[in-house]
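Residues or ranges marked as Fe cation binding site in TrEMBL: HIS371, HIS373, HIS425.
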Amino acid sequence: MYPSINAYVGFEHEIGSSTPTYELHETNGTPHPANGNWSASVPKGTTKYEPPTLTSFDDSIDNDPEKAARAFMITKKARKLPIGGQGVAAVEITPGQVLWIVLSTQADPQKVLEDSKDEYLAKDVCIVLQITEDCAKLTNGFDLHSAITEEIRAVRGTSSDHLVPGTKDIFWLSLSKDGKQAGELRYGRTYRSTTCTLLMTNVGNKEWVEKLQYVHVLSLQGSAKKPIISRILIDRYPVVYDLPPVIADNNELTLLDIDINSRTSIANLHPVCQRLYGNIAGPAIKVNDHDFPDFTDAIEWGIKEPTSMIYKKLLKKSGEFSDEDPNSVAPRKEVDKTTYLRVTLGMDEGRSPGIPYVMEIWPAGHQSPIHNHGDAYAVIKVLHGEIHSRYFKTLDGEKNVIPYRVEKFRAGNVTWMDPEHYQVHQLQNRHKYQVCVTIQCYGYSKDQDQHHEQFTYLKEKEGRPMKDTGDFTPDSDWAFHVFRRELKAEWEAWKAKHKQEELL
């Protein structure tokens with residue numbers, strides 16, 4: 001299946017614009033007589049105008065639903081890679097039945113379509129990523145027989161590695177031109193990282209690869225699904241490798257770390273991560289201090305003591321991530337293992353999902369659900385104990401329950417995430433007896449105009465992830481100074497009572 005060039009629908013959506021503009025054209029670029037010029041913009045003094053569904057390629061299409069379903073859209077203006085022959089084109093789109101991302105030597109979309117008909121010319125004109133409901137393929141031109149790599153397939157009716165018509169996602173195509181990766185092509189979904197690569201091939205170190213610099217996006221409309229582009233993102237550098245999740249102090253980073261990519265320096269990360277790291281990486285950021293030297297002992301006691309504020313809070317929060325209706329469930333008598341405490345520090349500054357600094361308390365054997373972080377940047381430091389982080393490609397309870405990476409972090413270790421890396425994870429305290437305490441730090445960059453006040457998680461039933469997701473607000477169980485003061489009072493009262501009983 002490939003688009004006819006008898007006519008095409010072009011749509012223009014610049015980054016930062018909220019309203020795409022669509023036009024129906026003949027092959028010569030003039031307005032099509034069927035619909036003329038029309039757009040989705042709202043003229044002054046009129047009600048909102050919705051663009052009509054394309055129903056006319058030729059005289060016989062009006063009464064032919066199958067032909068009407070062939071209507072497709074193409075970006076009217078090509079995006080350009082800053083460096084010819086390398087970079088990433090990422091499209092956030094609610095697709096129709098088929099999506100094409102095209103890397104071309106031609107800026108004119110009409111010229112791309114015309115030249116792609118020539119079997120020999122197409123090999124030097126464009127590379128096409130074609131994604132359907134059950135297949136993804138890299139080809140020279142739009143001819144399905146010009147594949148340059150083996151296709152990948154998925155089972156229909158499931159949340160596949162390809163596209164689901166009407167379901168918004170990010171699809172990306174990466175091209176390299178230098179070194180060992182010269183001519184390397186990668187296709188991936190959702191996050192622009194090697195772990196989210198679904199299809200990869202190499203076209204070789206050819207001269208025409210460096211001439212590929214224009215990006216075109218097409219989507220087959222289908223009978224009921226109208227493609228909607230949210231944004232097109234162009235990255236200067238290709239997806240080649242991912243920085244490791246472990247941050248090493250600049251004084252500890254070794255030559256071997258750099259060579260085998262086992263740890264990274266904070267200097268390699270985004271300025272938001274650098275700012276967060278600078279605030280919590282110092283040796284004075286710890287739980288126990290001279291005024292409360294047994295703070296962690298008090299936390300351990302509070303987890304086990306039924307009269308403690310910690311135990312009561314854990315019991316109250318039990319079941320918050322389950323699929324049960326809290327109004328229909330009897331009060332719990334035991335603490336749920338998918339429960340942890342959030343003790344916030346400071347105020348909501350308006351540049352993070354909730355309060356940016358959170359001390360989290362993980363009793364032995366407890367864990368979080370699998371969840372994302374609203375595209376936020378984050379730095380996490382282990383203050384006490386140890387914790388495992390299980391990383392997942394996406395939130396998909398049907399097929400994504402096996403992590404692609406698991407890391408163990410001990411006291412003093414620091415990890416990170418950004419909008420493209422390590423966004424979906426699950427934290428687990430696998431220790432049988434010891435509590436884990438972490439400090440989580442979140443932030444958004446100045447160029448992120450969407451701030452999410454909620455995280456999304458996979459619901460669980462009987463301890464197993466489900467297909468359904470839920471949202472939770474990363475709110476506060478206590479402010480840190482309140483938690484510290486009240487727990488210290490409880491702990492010292494208990495110690496005094498216990499000491500008095502020993503004397504009797």
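Glycine residues also receive a Cβ, built from the backbone N, Cα and C atoms like all the rest.
Counting Cβ atoms from all protein chains shown, HIS425 (Fe cation binding site) has 24 others lying within 10 Å of its own Cβ. Each residue in SER368, ILE370, ASN372, MET417, GLN423, VAL424, GLN426, PHE455, TYR457 lies on the same chain as HIS371, HIS373, HIS425 and has a C-beta within 8 Å of the C-beta centroid of that Fe cation site, without being one of the site residues. Sequence-distant neighbours of HIS371 (Fe cation binding site) (same chain, 6+ apart, CB under 8 A from its CB) are LEU395, VAL424, HIS425, GLN426, PHE455, THR456, TYR457, LEU458, PHE472. For HIS373 (Fe cation binding site), the number of other Cβ atoms no farther than 10 Å from its own Cβ, over all displayed protein chains, is 21.
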